[in-house]
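A short worksheet on the structure shown next.
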């Protein structure tokens, strides 16, 4: 019955899934309650101003905690938190295993002896030893070995806005990383890796900016030269893969001939060999895939051309990743801030060492679970809003016969329809993704905690469940995107739209497979091109620092960032292609070109489908099914 639904594109607008919008609003109010509760209980002051091991908040007068010495002090002039041993991390309990004190100034130079610590206190008025010791007792009192900082005291500087004294020496950061990265057995390797990142930070930032510029250039190219883009991408990827592989083997051969005097140079030689082998395998696999797909590459050109027209008429689509990323960053910053508030929320409780910890009692200690669900649901909601916005804009473009009659800004018109009518549909769709994502994350956490403890059968079952949930999540995400398109067309609720979109996709399964396979592959080649270009530039720049910098971590960081940027931009293009196809499938199903039932589609899009049908028939793969699927024009 749903296949016979009467589609009336852009004619009716009505509110959809209002109960789910109310549920989402109530959930967000609960998130706000958690933030307000943590601020009201003093967590915000403890997080921003910092507190010592005795429960005193730095920079203000404090209330006495029963049973705790040195609590209830007036620390108005001591505004910074100083750790006696800041590099001593207890990863299990997620805290610094050190006494924390409030001081008036951070040591801006290294203090090597107790005499230097005493001189610093007398000169700057900042006592770095525990409150019960006077500066004159630092070198005479035997308790100074326990109550004074571990020396040499590293040079430190206050963290902006958080009033903590943080070491500026890179070796201390390496110790932090050693505590966090438990699988690294050789600490010297980790020190060299982190040193390489810090030494190459300017190059890393420049290469990340390069990947952003390349992604923008590729989007412009897609708009204006879409007909030749497929062949250009194919040729460039072939040349880039061959060139990158050749350069890696050349550098490996060159460095192997030269004398290797330092350990860093030997590590770089080994890394070059691994990179060269991996690049060779990747190039061979890429060539095999392109050999298999070569007959379908021509079919993609027309589809890219129509999508390019959409970007010409809707140029603001290019900036959708920026707005989405900006909103996500704002929400994640808020979420992390509230999470830090929750970490310092609660009542002061003495621990076994005689210091103060803040703990929540009763049901309130489970608030962070609610907070974690909020992270997933609201993040998915923001991404779904982007999908609905893009779908609404492309639907407006497709079903407007005279393109000169398009709204001045279809993107803003789509945002307006989303806010006025379809926020409930977006909330419901994102909640469904959340329901699948949470169990998968729980299973992944259990798998991580039980690593090395469970038997082979249990490990296999866990991985199978995680894989199945991942596949289900990807399928639901694709169906949700098409459901948003159906909602944008007909203003139906989520379940009705999902059912209608599913029926349309099943009826056009062959075309869905062909278009998604070829289109996604070409967009993947675009991502590969950006990553290869950025990585090749990184290799050439880092080659000048090979004697004192390890390449591994800087190059991995740059390539990951380049892929992330390319994925964000090209995913918008992929989204436009999917929306165009669903609109086209609905158009061909309910219109036949006769008076009163004229087609909405672009001529180039119809030529693409007709050529696709002919090619499949000639290859013997389309057969009668594809012939029945397309009505003759």
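Glycine is treated like the rest: Cβ placed from N, Cα and C.
TrEMBL lists 20-45 (among others) with the feature transmembrane segment. Remote same-chain partners of the transmembrane segment (20-45), defined as residues 6 or more beyond its termini with a Cβ less than 8 Å from a stretch Cβ, comprise 57, 60, 334, 338, 341-346, 358, 364, 367, 370-371, 374, 377-378, 381, 423-425, 427-428, 431, 494.
Per TrEMBL, transmembrane segment is recorded for 203-222 (among others).
Residues or ranges marked as transmembrane segment by TrEMBL: 228-252 (among others). Distant neighbours of the transmembrane segment (228-252): 221-222, 269, 272-273, 275-276, 279-280, 282-283, 286-287, 290, 297-298, 300-301, 304, 522, 525-526, 528-529, 532-533, 535-536, 539-540, 543; these residues of the same chain sit at least 6 beyond its ends, with a Cβ under 8 Å from one of its Cβ atoms.
With a threshold of 8 Å between CB atoms, the same-chain residues lying at least 6 positions outside the transmembrane segment (272-292) that come near it are 234, 237-238, 241-242, 244-245, 248-249, 251-252, 255, 521, 528, 551, 555. For 272-292 (among others), the entry in TrEMBL reads transmembrane segment.
Taken from TrEMBL, the feature transmembrane segment applies to 298-318 (among others).
For the transmembrane segment (325-346), the list of distant contacts is 31, 34-35, 37-39, 41-44, 46-47, 51, 358-361, 365, 367-368, 371, 374-375, 378-379, 382-383, 568: same-chain residues at least six beyond its ends, Cβ to Cβ under 8 Å. Under the heading transmembrane segment, TrEMBL lists 325-346 (among others).
TrEMBL lists 366-399 (among others) with the feature transmembrane segment. When Cβ-Cβ distances below 8 Å are used as the criterion, the transmembrane segment (366-399) is approached by residues 9-10, 24, 27-28, 30-31, 34, 37, 310, 313-314, 317, 320, 323-324, 327-328, 331-332, 335, 338-339, 342, 360, 406-407, 410-411, 413-415, 417-418, 422, 425-427, 429-431, 433-434, 437-438, 441, 480-481, 484-485, 487-489, 572, 575-576, 579-580, 583-584, 587, 600-601 of the same chain, each at least six residues removed from its ends.
As annotated by TrEMBL, transmembrane segment applies to 521-542 (among others). A Cβ distance under 8 Å defines the sequence-distant neighbours of the transmembrane segment (521-542), meaning residues of its chain 6+ beyond its ends; these are 200, 203, 206-207, 210-211, 214-215, 218, 230, 233-234, 236-237, 240-241, 243-244, 247-248, 251, 286, 289, 293, 297, 300, 304, 549, 551, 554-555, 558-559, 562-563, 565-567, 570, 573-574.
The transmembrane segment annotation in TrEMBL covers 548-570 (among others).
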